[in-house]
Amino acid sequence: MAIKTPKEIVKILNEYIIGQDEAKKSVAIALYNRYRRMQLSKQMQHEITPKNLLMAGPTGVGKTEIARRLASIVEAPFVKVEATKFTEVGYVGRDVESMVRDLVGEAVRMEEKDQFARVKPQATKEANKQLVRLLAPGVKREKRENQMQQMQDMMSMLMGGANPNNQNNDQEEVTDEVRNERMDVAEKLNKGLLEDREVTIEVEQAPKANPMSDMMGQMGMDMGSMLNDIMPKKKVKRTLSVRDAREVLIQEESRKMVDYDTIYQRAIERSQNNGIIFIDEIDKIIAGNKRNSGEVSREGVQRDVLPIVEGSTVNTKYGPVSTDHILFIAAGAFAESKPSDLIPELQGRFPIRVELNALTKDDFVKILKDPQNSLLKQYIALMKADGIKLIFTQEAVDKIAQIAFDVNQGTDNIGARRLSTILEKLLEDVLYEGPDMEMGEITITEAYVEEKLHDIIMNKDLTKFIL
């Protein structure tokens, strides 16, 4: 993937996020500095650490979206965690190291996807060969087992493996007739003529969730994976269309072709050098003026987070992971506190401070119309599925934006999220009646917005509950 300059990164962010230019500029610089670091000598690379960011601003102004889009631009492993989910060591709750384990898990998923894409052509060939054999099976002949084989089958059952009686204990004989039939099936398969035909395949049974595995995972161990590697794989039969069966078989063949040790190693490197951890609601772990046991625990969480942010090694089931060069982005509303209320050591680990501004009416107008995935474009696409062309006049858009701004000012300010609740209420009848409407076009005007939302806006109690 081509390296993008800070200006190019900001330009991409502008396609999805309105305003907040200072925040976009700061994260773009932090991201590009990673590329600069990789061009230096190994010794200098080790010395240069990421400049972590602390974003302060009301809810719904784009803090999370900036970080999420940033990660997608460079295809970096990204996890979002909430600071309130963590507890001090010794208390019930998630330990802070779990954020690093989650990051590595995401990196493994990304690396596995990349490797699967690399081997997909060969895996597809093997999957098609299996489909041909299933659609044109050979002549079955009973396989004679010697006494030693019977003993091995019995031991397999005792160890938890599949019952030999349920397995395919027949030998397949491929006659000339079967061979010709398979050639015919292969030709039809390549032309896509058998996609809807059903076929029965054997697939590995997914391991059941085990609470003990989760507990072991928090200690960097995965007993479930260890046992799955030792114990025989159980298989179940599933009847699927050829189209769906091919995808399942491609996945199974891909797993056989890739080297998971390499995947895990690359995932760890990817996490260490490119990983982004977004810590939301960091203001909620600031202790208040009145100290009690709960407040002490909040400060304890800060002290537990500190070594992760400043650089340490965390044991995961894929191997030890260094957090020295992971980029941390913390965010919070700081409505009842300020960043300087964090413990001094943690403040020092977030040297770049960015304040995000509350959204104005003009911002709401742009949010409704400009982004690639804007809310109006989403509703227009939904109605298009019913064969209806949905049109919003500029006056209607201005009115919706004004209502969102006024409701935020009069009640709790939830930023751009207010637009979703307003639009859902505004278009409730249209969405309900849509499939039965015969008209090909619906225009949302300012008068329609007034009619649908006027009574709710005038009644403050209804506004709080509905909008």
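Just so it is clear, glycine is given a Cβ too, placed from its N, Cα and C backbone atoms.
Keep in mind the model is a prediction, meaning the values are calculated, not measured.
Summarising the annotation, Swiss-Prot assigns ATP binding site to Ile18, Gly60, Val61, Gly62, Lys63, Thr64, Glu65, Asp280, Glu345, Arg417. The Cβ of Val61 (ATP binding site) lies under 8 Å from the Cβ of Gly19, Gln20, Leu356, Asn357, Ala358, Leu359, Gly415, Ala416, each on the same chain and at least six residues away in sequence.
Counting Cβ atoms from all protein chains shown, Lys63 (ATP binding site) has 25 others lying within 10 Å of its own Cβ. When the binding-site residues Ile18, Glu345 are scored by other C-beta atoms within 10 Å, Ile18 scores highest.
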